[in-house]
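According to Swiss-Prot:
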- 40-62: coiled coil (COILED)
- 22-106: topological domain 'Periplasmic' (TOPO_DOM)
- 4-21: transmembrane segment (TRANSMEM)
Amino acid sequence: MGKLTLLLLALLGWLQYSLWLGKNGVHDYVRVNDDVAVQQGSNAKLKARNDQLFAEIDDLNGGQEAIEERARNELSMIKPGETFYRLVPDQSRRNAASSSQNNLQK
């Protein structure tokens with residue numbers, strides 16, 4: 001009876017060692033779960049970026065509005081009959097700001 005108990009205890013010890021410290025044990029499971037969580041976050045960011053790019057492609061393929069918006073913003077184009085206005089900061093405010101900075105530096 002004593003030999004059987006020792007054999008079962010040794011088997012139990014070996015199984016516990018395999019479970020906690022062996023290959024594919026709890027430590028590996030936790031590490032892999034952390035890696036999966038990091039990768040899922042990265043995948044979510046990339047999926048959002050891809051969705052945005054696909055939406056932009058759909059706009060460019062199907063709509064004039066996206067083409068007009070891009071021409072206005074990137075090429076500074078205007079439609080016939082439109083008036084282009086450029087808003088510039090007030091010169092007196094800019095001079096006052098620069099003179100106050102000069103006074104602070106002295």
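Going from the start of the chain as shown, residues are counted 1 onward.
Glycine is no exception: its Cβ is also placed from the backbone N, Cα and C atoms.
Counting residues of the topological domain 'Periplasmic' (22-106) by DSSP class, helix then strand then coil, yields 64 helix, 0 strand, 21 coil. The list of residues near the transmembrane segment (4-21) in space but at least 6 beyond its ends in sequence, with Cβ under 8 angstroms from a Cβ of it, reads 27.
When pLDDT is averaged over the coiled coil (40-62), the result is 92.
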